[in-house]
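What TrEMBL says about this protein:
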- 1-25: region 'Disordered' (REGION)
- 38-118: repeat 'Solcar' (REPEAT)
- 130-215: repeat 'Solcar' (REPEAT)
Amino acid sequence: MAVTSMDPESARTSQPQGSLGKGGGSLLSGRGLGSALGPRGKHYVCGSIAAFTNIVVTFPIQKVLFRQQLHGVRAREAVRQLQRDGVRKLYRGLLPPLLQKTTTVAIMFGLYEDFSRVLLDQVPTGSGIPELVTRSSAAALAGTAEAVLTPFERVQTLLQDHRHHGRFHNTAHTFRTLLSEYGVKECYRGLVPVLIRNGPSNVLFFGLRGPIKEQLPESSSRAGNLVNDFVCGGVLGAALGIMFYPLNVVKSRAQSQVGGAFRPCGEVLMTVWRERGGSVAMLFRGAHLNYHRSLLSWGIINATYELLLSVLKGGIESERDKK
């Protein structure tokens, strides 16, 4: 099952587009929006909408997981903490991940396509450089670019940490406080683990998405393709979530601190390790919930992205046929 191409288009099973617009206007068929966005902008828009859908559905699960990462408690205790906080605070901290994730996923898919196109155009014919290398570089660059939005993860961490409920009121207030009292640098606390996580995870996601889907039963129906895309994205997201889980623990611990020295990743990891008795199981406390959340999240993202992309692609092709 060698990976010969990281192009998600190559792994997508073609499906009839004519039925997508039956009984609806140009927006449902994707013609108007697809034509306006063009072949490049569609990847950004599809990624953004897919992320929005995912965040709204999975945010409560993410809050339980965050409490486990930060305090090393069991899922039941994390749920009790949220119950004590009350229903009104259940979606507290939603805006930062909503802004951050809709933008980063748009960047992830959009910049990957853009970087791939640019890099492939720059590779001389007959140079012998495998396409896999070029697309891996594009994926890593896209992941690195996502790290620009680390301040949203930073604010999300502070709003979800009950120890800061009395100090930070909402997203805007948290940003103002950090900037006025500590400066821009404080907003990027935890940047290093984010960088270490984003590049490799993007390379693996885009590199394995096609081969995994090729192993699933082929389907010519829209519903079948939707299920395959959900399974493909979910399996990859869950596996990568487990692989990079310790980095997320380090990030959560680092970003829960306000003010003071910026500690190296290794030092933060060793602190957590000692606090949890040098136990690998304790270090991965919450990983099982993260697995299921990632399975659901990336299944939703991948399936929604592919569905929207097929609608917009059909609209663009329809406009071309008219011309």
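Placement of Cβ uses the backbone N, Cα and C atoms for every residue, glycine included.
Source: prediction; values computed, not measured.
Look at the repeat 'Solcar' (38-118): DSSP puts its residues at 72 helix, 0 strand, 9 coil. Here the repeat 'Solcar' (130-215) has a mean pLDDT of 92 out of 100.
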